[in-house]
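Engineer: Reproduced below are the annotations present in Swiss-Prot:
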| type | residues | note |
| --- | --- | --- |
| ACT_SITE | Glu498 | active site, proton acceptor |
| BINDING | His462 | substrate binding site |
| REGION | 59-95 | region 'Disordered' |
| REGION | 239-258 | region 'Disordered' |
Amino acid sequence: MTPETVYLPDGQTYTVSPVFGGFGFKSNDLTHAAHFPVGWHIVVHTEEEKIVFQDGSEASVNGEGHAQPAGDDHATAVDAGDGSAQKRKKRVRPFVQPTRQNDTLFISSLSTPSTQEYGPPASPTRQIAMILWVSLYWYFHQREPSPRMSTKASHETPESAKPTGEWRITIQRDGVLRGRNLIPKLERMGLLATESTDVGTSLDDGDETWSNMFVSQRMFWQLPPNLFLFTLKPVKAPSPWPGSSGSPNDSRPGSPVAQGATHLAVRAMSPQPGVARLYNDLPGAPTPTNITAGVSTAHPITPFFSTSHLPTYYPPLTLQYTFTNNLRHPLRPKPPRMGEIFYSRFVPSVGRYLSFRVASLSPEPVPYFGPMGPNPPDHPELACLSDTQLLESWFAKPRVSAFWGKFTPEFLPTVVKLKHSFPAIGLWDGVPFGYFEIYWVKEDILGKVLGGEAGDFDRGLHVMVGEEWARGRASEWMTGLVHWCLTTDMRTMNVCLEPRIDNERILKHLDESGFGRERQLSFPHKQSC
């Protein structure tokens, strides 16, 4: 395997290179003076135990069969129960590509920067959790193995009809993960799971109960990344003022600059309006809209950014009920602020960062401070338009107006005042491409049509791709919206869309993205599918 770059949702990047017995992760952001790179190493290998039948065929004990290269075999005879002797073979081989349930991983070593450059993490357990999360983030971005399982009961079943199983990886209690009570802490954080859910009889974490831990693909993508991602705090923090990152904090705010041969002028080094306040208040500060284009900050401003360098996970609002128009429903949390990015993720198939931010009423363009992909963005001139100008240009296109109607100046001011919904702008590397609405189904007209079938925390989406160059990526941004809905509140069980019945293109994209068609619904203004 060749080295590859992993782009994290918060903008951090790591170079992953194969090393002896596993892979090395080197940070591209934690620059320091030492020669030894900052990062860690993981050991990944494949363990397989097979039953050899009398006819020479094999079946995996844990339900997976793969073509085997040469490796270490250990054969033992077992009784099949009908008097016929069978052999079990256990094989450990180097990791080549992911298997369905036979891969094993542990963190073998960790290299941290000097404490003279970066302060120690506030919690060593949090640091190990982030390292394991990043390692799993890389692993579950590999090519997914075949879902078919070859078990003892199905060894004569055709391959296309064999049962399917979860994609998961075993986490071995070894190396860095041998720390006292570390595995139980990671399990309580939701990062690890075990099928041994009894109390047990051991008084510590040294028994087999804590040695059989695993992470499945399904559970990993349901974990909020904000729970694990953070950055180390520099001993000398970078300045939020553009152009002055190399100046000491206690230097004068202005330096004399020669202009001609007769006089000196003071070059202003004051911060750009809003940037310093943004750094001081995050997370939670409103995004400034009076910053000139092209100004960059020291760190990408994402939902993961915090000046305290701690994880930015916030639990959902506790359950309490209220009434709206004689409808009883849970009290909803306030959505993010206008212009605030609430979702960010790198999409490898596109090679760009997908972001969603709340639409803004500002007459000025909303600046983008989020992470950027490795290539220059498409159509950067769109970032110079305000949200109102973007919507007006998108509504003017016949394919959009056919389903959304004509644009009016009151459209966006009306939507931002809705209590059960908020508008969003989708971006590829900071360039706007579409308009979306995220709403609570129960208080929406959809909830009224469904009657009592709408769940308390079901979400709904209205979608519109305004730019022609961004079409054809529906599966990527659709799964991003669903991912945000499911991770921001784990009580959300359903994400609904009700496109018009003649919108064949979006119906096709929904089928390809994993949505299921429930039924047709009759609204006062349309027939939906």
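Backbone N, Cα and C define each Cβ position, glycine as well.
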Engineer: Same chain only, sequence gap of 6 or more: which residues have a CB within under 8 Å of the CB of Glu498 (active site, proton acceptor)?
Structural biologist: Leu446, Gly460, Leu521, Phe523, Ser528, Cys529
Engineer: Near His462 (substrate binding site), which residues of its own chain have a C-beta under 8 A away, given they sit six or more steps off in sequence?
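Structural biologist: In sequence order, Phe436, Glu437, Tyr439, Leu497 meet the Cβ cut-off.
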Engineer: Could you say whether, by DSSP, the residue listed as 'substrate binding site' belongs to a helix, a strand or a coil region?
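Structural biologist: The residue in question, the residue listed as 'substrate binding site', is strand (DSSP, three-state).
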Engineer: Going by DSSP, is Glu498 (active site, proton acceptor) part of a helix, a strand, or coil?
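Structural biologist: Assignment for Glu498 (active site, proton acceptor) reads coil.
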